[in-house]
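Below is one structure; the comments refer to it alone.
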Amino acid sequence: MGLPLARLVAVCLVLALAKGLELQKEARSRNHVCSTWGDFHYKTFDGDVFRFPGLCDYNFASDCRDSYKEFAVHLKRGLDKAGGHSSIESVLITIKDDTIYLTHKLAVVNGAMVSTPHYSSGLLIEKNDAYTKVYSRAGLSLMWNREDALMVELDGRFQNHTCGLCGDFNGMQANNEFLSDGIRFSAIEFGNMQKINKPEVVCEDPEEVQEPESCSEHRAECERLLTSTAFEDCQARVPVELYVLACMHDRCQCPQGGACECSTLAEFSRQCSHAGGRPENWRTASLCPKKCPGNMVYLESGSPWLDTCSHLEVSSLCEEHYMDGCFCPEGTVYDDITGSGCIPVSQCHCKLHGHLYMPGQEITNDCEQCVCNAGRWMCKDLPCPETCALEGGSHITTFDGKKFTFHGDCYYVLTKTKYNDSYALLGELASCGSTDKQTCLKTVVLLTDNKKNVVAFKSGGSVLLNEMEVSLPHVAASFSIFKPSSYHIVVNTMFGLRLQIQLVPVMQLFVTLDQSAQGQVQGLCGNFNGLESDDFMTSGGMVEATGAGFANTWKAQSSCHDKLDWLDDPCPLNIESANYAEHWCSLLKRSETPFARCHLAVDPTEYYKRCKYDTCNCQNNEDCMCAALSSYARACAAKGVMLWGWRESVCNKDVHACPSSQIFMYNLTTCQQTCRSISEGDTHCLKGFAPVEGCGCPDHTFMDEKGRCVPLSKCSCYHHGLYLEAGDVILRQEERCICRNGRLQCTQVKLIGHTCLSPQILVDCNNLTALAIREPRPTSCQTLVARYYHTECISGCVCPDGLLDNGRGGCVVEDECPCIHNKQFYDSGKSIKLDCNNTCTCQKGRWECTRYACHSTCSIYGSGHYITFDGKHYDFDGHCSYVAVQDYCGQNSTGSFSIITENVPCGTTGVTCSKAIKIFIGGTELKLVDKHRVVKQLEEGHHVPFITREVGLYLVVEVSSGIIVIWDKKTTIFIKLDPSYKGNVCGLCGNFDDQTKNDFTTRDHMVVASELDFGNSWKEASTCPDVSHNPDPCSLNPHRRSWAEKQCSIIKSDVFLACHGKVDPTVFYDACVHDSCSCDTGGDCECFCSAVASYAQECTKAEACVFWRTPDLCPVFCDYYNPPDECEWHYEPCGNRSFETCRTLNGIHSNISVSYLEGCYPRCPEDRPIYDEDLKKCVSGDKCGCYIEDTRYPPGGSVPTDEICMSCTCTNTSEIICRPDEGKIINQTQDGIFCYWETCGSNGTVEKHFEICVSSTLSPTSMTSFTTTSTPISTTPISTTITTTSATATTTVPCCFWSDWINNNHPTSGNGGDRENFEHVCSAPENIECRAATDPKLDWTELGQKVQCNVSEGLICNNEDQYGTGQFELCYDYEIRVNCCFPMEYCLSTVSPTTSTPISSTPQPTSSPTTLPTTSPLTSSATSPTTSHITSTVSPTTSPTTSTTSPTTSPTTSTTSPTTSTTSPTPSPTTSTTSPTPSPTTSTTSPTPSPTTSTTSPTTSPITSPTTSTTSP
């Protein structure tokens, strides 16, 4: 049994070797790196190393495709003044339209010198102490040490498309670079061909020089350095011999005393780090020392992203290769705030608005008290009142910060107590211009003391208490009223309500409530519960989608008509008003105006938009403009920032119009001084309210009781505080009133003589002597909660006592009152479904809803538009990569995920779009870019399962931990989080705590007002420059505005009418115009279509399906997927919820449905009812296969398992069946003279065996012999002798290489197909393999298509040949690889050959695969080598094995005599002896420790050749 066992062990060792070489080859091909270093050494993408001492300008690496060239890298080397060491003088990089010129000190982009870091369109240039780096989204990264070393890494899509000193990147060493069409080039000849000839520049080519005869004296030292313990992790990753030879050459050429080996050692370290290794510090004080600034230390391998005081967690998210350089000592971070070097985290300062704060320093900011702790603010909330504002007659901001615009025409409940009628605040909105779209706040009504007292504040400045005018100040038991300036009235109450009423230039209201009222109020000002998301809570208890739908439910008079949302922008309707508005309103944003002092405290963006809106919409432009500017000044004063002098250049007519003896002041904080206050003493005067501006009495002066701050204009008519001149017209409900002879004469606009529908009755106020309803009582279902506020008789149809108006023209009892949601009526008892699993039921006009927690969504779309998880809309045009959301927040430094958005400019205006998304989950990185996903395994982190699938136009990534990312493959990303993440995330998407007011929480935990401060704090790398402003692309491209507004008007048009009541279109329309103006360098239609699609998607989620695409407007071509004469694929604007997929059949269900996504969906026929998302076709159930996480295994295919003695297979019922793999050998070891091995038993158990090791002696043959030992794999090098002999003379044996897989073409439709050839790889391959590109496990023969795969033409698949072969009758996507063979004399390495000095017997990693012979069954067979799988059938036999192989050593022509080889189980040097007499080879191996004697030639390059095995009976 000994001999068969020895053979078995030998075969297993060969298989292990072959597998290892295969993996190394694959690992190398993934690196895609070319480099140059030291004394003119170059390494190509394919792994060739050569020396070329050229000093001209050379093409280092370029895209050499004929159709379109994306990049080129040129370099120029020079010698130092002593003429010894060479260095790179300059690097010239061209990437698409950008040209970058680098020298030791400068970086020049497109002719302009730039500072680093430099960011532009898809380009980053940065410097550190050791390197200059260039990154491009085109798929290129470059690293230069500003001395002698340059490294370029390319994306895999450039394979077989490059030229230059870096070679053609085809995966074949030497081929096409040093060997082309049978002609061999030297390194000098190859290098000279890459010369860049410049006009008027003469540069001599280097000539061939005689290499030194021997550098072997340096081998031992170079091997010692490169195999030291510092490089222990590198030995299996990088071919050491290549760098040993380079090191030997460097030392040979080195002047006396020079440290010339440093460059090669450093390059070896860089290549090791790039391959995933971790070289340790090999430098010493005497060997290539390096110095670092400050207290930094030099490390050979560290994360290129330094943790800093402002970015504490970035190193854990770094996706780049480790590198050498200066780093902070362990336990410290770099202080990028004060620049004090490396410090402990506890000593990090904090930064706020440009000011530095020491650790432990406290500040009080608005409603927070914060302390600086380790570079982060630790804050706690303070009891803080909140303010609701009604500005400009239509703009409302709730207590919780929600902003909306509503043009009303009625009395509305602004705020009232939720559980009783102790107080209520009403506001009268009415038309004040020529149209009903210009509305003003006319009256504010305070009902207090359980509505026993009614206080009305008129826009003219008068105050009425229970319809009797009172003079100010006025003090009552529960409230007091004062007039601190000519512009303002202030009201203070005993129940925590404070009012600030602005009178000039238009009436505006600011309502403040103490924290004690939180959650106790309702009305247009919201419910004051800290959650902006439910501020549109109607009087019926349901959250509405739009402002008008919400406000209409809070009418205080049932006779008022519902108002619609006005979606038009008033500015385009009047160009003169628009220009006027832009000129003056832009003062709010300019940095040189007084308003700039407040930008950090109050973001001017929203005020600027309101200012333009009101100025364009107002009949008196200046008054509305000044009101808007004063609103911003008031907001600043409330934050403690006084805008002194802002009226000096604008809105100054009132400053100089103060009545005699009064002066204008910006910070009035006390009551007016009146003659009455002298006689009575205003001890009750309110003090300490927010500063107001206006005319007031100077110190030591008083106002008499007849004085007026605001002069009254001469009025012919007076009506409810409004003075009307003769001929003026006012619209009042359904009446048109004209001022004539000092009286209002009113005419019904709608005839009231019509018949009311029963049971309503007609009320004609002209036929009543009096109708006064002083006690509020409900008259409609909508005013049940708001209650009724009646000021005058209104003619029309009303319900009789005991019945309520149901809003649909009928009268019902209270129990039958319907409910309203999104402007639709629902009868009492009806239920509707909301969001995830919540339902609402209508009961007596109010909604009763369940409150289950749901997923929340963050949206990033277009050019920098964001909607946070809590619903906050904002814009941020950053130019770098930013944290969208992560759970590395607060003190949590061990988060589980991070999602990064990469922004690049999408035009010349400075606007950016999200072009790529990086998802870090556990130990995996997913990158969504260029319409596909790339998966990369990180070196740290645990495995987190995830699945990806295409749904319609979108790619969906679902992580098992409750994260869903939906990407439209362009610029739109939706991120959904499970409720378990609530309050535990941070980033540009906010903190997911249902409160929008703290969504702008920076990385250092401070809540800021500016979207710029917020966005800048979440940049991924601290080197990214801050954004100083958000550009307005329509102002920069005014010629595009009209086109953008015309195209985007579809969002406000009737096309989306069904959605307007469910999703507010205004913000999406603004975003659409913004994006359509910004995309001015191509893709403008794509920007527009993406913007409209974003609104359409929100409509679909709100169950408002809109068919908006047409053949002329953003069409989607689904028929592309249909085979000829079939119509299976269709466009679905709102997704498809009806079909089953193979994934659902396998039990893979999404945690949340995404079937609402628009796109192309199949309608599967009955015989193929299931959709296979991976194959993208309809199949029957038995064709689905099996799924493990995101990987599909076809029916009948093998399924991997962790059980080493089990083999698993996928059945046609999508089940995975596992069976014991009986007899499988799984492990072999040797301990002294004993050999141990393990096999699989019949029931899947592991059976152990051992015996005394017996060596094998293979009889000589007439062809070749193969001898191996059974030495332990893990501890002893494997000694293998492969010798070719001949009875007469030696023959030349070819050497062969398998190419990388080639997939240059992809299937086309129509009369096309798929073709792959081996052009530029080799002219006459020996063999070819073809397989499916999308599923490499499938051979081309398994796909059932009519395909040619041969060495004559490559692969040819024609669509016309596929009739009857499948549903689509289209070719699949294939890839090929070929086996290229060359005469032995051309297979020399491009490294200078070594001498016959003995080398270590430890097997060195090779740079291309080697195929060794296998033992075959008792038959004759010819086997072609592969690098992916080696299958061997082993049969016990005592017959000798005859095989023809090629040597793994360098080519020799010799006659070999019998050789005795003795191998010990311990590493020992090898002694080579060659005799010139021909005879067979006899090899004897024993397990005794002794030197090894073998016949071998010096190794110069790895060789693979075909193996033919013949076994005699």
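Keep in mind that glycine also has a Cβ here, set from the backbone N, Cα and C atoms.
Taking a C-beta cut-off of under 8 Å and a sequence gap of six or more, Asn160 (N-linked glycosylation site) has these contacts in its own chain: Asp168, Phe169, Asn170, Gly171, Ile1302, Asn1304, His1320, Val1321. Residues or ranges marked as N-linked glycosylation site by Swiss-Prot on the basis of sequence analysis: Asn160 (among others).
Look at Swiss-Prot and you will find Asn667 (among others) tagged as N-linked glycosylation site. DSSP gives Asn667 (N-linked glycosylation site) a strand state.
Listed in sequence order, Thr850, Tyr852, Cys854 are the same-chain residues at least 6 apart in sequence whose CB falls under 8 Å from the CB of Asn837 (N-linked glycosylation site). Per Swiss-Prot, N-linked glycosylation site is recorded for Asn837 (among others).
Marked as N-linked glycosylation site by Swiss-Prot on the basis of sequence analysis: Asn892 (among others).
All chains included, 15 other C-beta atoms sit within 10 angstroms of the C-beta of Asn1212 (N-linked glycosylation site). According to Swiss-Prot, the N-linked glycosylation site annotation covers Asn1212 (among others).
The number of other Cβ atoms within 10 Å of the Cβ belonging to Asn1227 (N-linked glycosylation site), over all protein chains shown, comes to 13. According to DSSP, Asn1227 (N-linked glycosylation site) sits within a strand segment. Annotated N-linked glycosylation site per Swiss-Prot: Asn1227 (among others), in sequence order, evidence recorded as sequence analysis.
Taking the Cβ of Asn1243 (N-linked glycosylation site) as reference, residues of its chain lying under 8 Å away and at least six apart in sequence are, in sequence order, Pro1220. Taken from Swiss-Prot, the feature N-linked glycosylation site applies to Asn1243 (among others).
What Swiss-Prot records for Thr1264 (among others) is O-linked glycosylation site, and it gives similarity to another entry as the kind of evidence.
Sequence annotations record features per position, and here Swiss-Prot assigns O-linked glycosylation site to Thr1267 (among others).
Marked as O-linked glycosylation site by Swiss-Prot on the basis of similarity to another entry: Thr1268 (among others).
Taken from Swiss-Prot, the feature O-linked glycosylation site applies to Thr1280 (among others), supported by similarity to another entry.
Swiss-Prot lists Ser1286 (among others) with the feature O-linked glycosylation site, giving similarity to another entry as the kind of evidence.
The Ca(2+) 5 binding site feature in Swiss-Prot is assigned to Asn1303, Asp1314, Glu1316, Asp1373, Tyr1374; the stated evidence is similarity to another entry. Of all the Cβ atoms in the protein chains shown, 26 others lie within 10 Å of the Cβ of Glu1316 (Ca(2+) 5 binding site).
Feature annotation from Swiss-Prot assigns Ca(2+) 4 binding site to His1306, Ser1309, Gly1313; the stated evidence is similarity to another entry. For the recorded site, Ser1309 (Ca(2+) 4 binding site), the DSSP three-state label reads coil. Long-range neighbours of Ser1309 (Ca(2+) 4 binding site) (same chain, six or more residues apart, CB within less than 8 Å of its CB): Tyr1120, Asn1359, Leu1370.
Confidence across the repeat '4' (1435-1445), taken as the mean pLDDT and rounded to a whole number, stands at 37. What Swiss-Prot lists as repeat '4' is 1435-1445.
Swiss-Prot lists 1446-1456 with the feature repeat '5'.
Within 10 Å of the Cβ of Asn1303 (Ca(2+) 5 binding site) there are 18 other Cβ atoms, across all protein chains.
Here is what falls inside 10 Å of the CA of Tyr1374 (Ca(2+) 5 binding site) among the recorded positions Asn667, Asn1212, His1306: His1306. His1306 (Ca(2+) 4 binding site) has none of the glycosylation sites Asn667, Asn1212, Asn1227 nearby, counting only those with a Cα within 10 angstroms of its own Cα.
Residue pair Asn1303 (Ca(2+) 5 binding site) / Gly1313 (Ca(2+) 4 binding site) shows a Cα separation of 13 Å. The Cα atom of Asp1373 (Ca(2+) 5 binding site) lies nearest to that of Gly1313, taking the recorded positions Asn667, Asn1227, Gly1313 as the candidates. Across the structure, Asn1212 (N-linked glycosylation site) and Glu1316 (Ca(2+) 5 binding site) are spaced 32 Å apart at their Cα atoms.
If you draw a 10 Å sphere around the CB of His1306 (Ca(2+) 4 binding site), it holds 12 other CB atoms from the protein chains shown. The binding-site residues under consideration are Asp1314, Asp1373. Their Cβ neighbour counts within 10 Å are lowest for Asp1373. Here the candidates are the recorded positions Asn667, Asp1314, Glu1316. The one whose C-alpha lies nearest to that of Asn1227 (N-linked glycosylation site) is Glu1316. Cβ contacts within 10 Å of Gly1313 (Ca(2+) 4 binding site), excluding its own Cβ and spanning all protein chains shown: 23. When the recorded positions Asn667, Tyr1374 are compared by the number of other CB atoms within 10 angstroms of each CB, Asn667 has the fewest. Rounded to a whole value, the Cα-Cα separation of Asn667 (N-linked glycosylation site) and Asp1314 (Ca(2+) 5 binding site) is 78 Å. Note: the Ca(2+) 4 site is recorded as His1306, Ser1309, Gly1313; in the same chain, Pro1307, Thr1308, Gly1312, Asp1314, Asn1359, Leu1370, Cys1371 also have Cβ atoms within 8 Å of that site's Cβ centroid.
Sitting within 8 Å of the Cβ centre of Asn1303, Asp1314, Glu1316, Asp1373, Tyr1374, and not among those site residues for Ca(2+) 5, are the Cβ atoms of Asn1305, His1306, Pro1307, Arg1315, Ala1333, Leu1355, Cys1357, Tyr1372, Glu1375, Ile1376. Secondary structure from DSSP puts Glu1316 (Ca(2+) 5 binding site) in a beta strand.
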